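Novice: I have a structure I would like to understand better, so I am pasting it below and will then ask my questions one at a time.
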Amino acid sequence: MSHLNIATLDASQHPYLPASSQTLFAAKAKKKLSFEEISQEIGRNEVATAAIFYGQAKASPEDITNLSKALDIPYELLEEQLSGFPDRGRSVEMPPREPLIYRLFEIVQNYGYAYKAVLNEKFGDGIMSAISFSTKVEKETDADGNNWAVITLRGKWLPFSRY
């Protein structure tokens, strides 16, 4: 399906991304596929799929096979580029300058301690895992026709150990 709103990559704006990012985004743009469509082809959540494209999530052998088929990329090339371990957290400068990413950063700046306090009251002393974790993005439209972004973060609660 052809879309007007397809996320693409300007590699000059992202010098820390792995080579696989350029390979994947070029094929995605050529086929005019959304992350939602690709995620359906490979059997992953659309945010997890996008994280593979940005080098922030590890692709399984099954992911590599399915991405190769969905995007018409030679399997051997993807296997070479995606078989290592991600170098997570290096792709975004801090503080972020990209407006949408900055808004997410700003949410944590403004509400981080409030989240922490409420989570500690509900669960005790600990942290929410970003490893045993899932996330999703949904679109809601209210009665007035306004669009709302709904981002769900689901992380396993990890209590701090006493030692």
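Any Cβ shown, glycine's included, is placed from N, Cα and C.
Take a look at what Swiss-Prot says about it:
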ACT_SITE  ARG103  active site
ACT_SITE  GLU106  active site
ACT_SITE  SER129  active site
Novice: When you measure from the Cβ of GLU106 (active site), which residues in the chain that are at least 6 apart have a Cβ under 8 Å away?
Specialist: none
Novice: For SER129 (active site) and ARG103 (active site), what Cα-Cα distance in Å is obtained after rounding to a whole number?
Specialist: 22
Novice: How many other Cβ atoms are found within 10 Å of the Cβ atom of ARG103 (active site), counting all protein chains shown?
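Specialist: I get 11 for this one.
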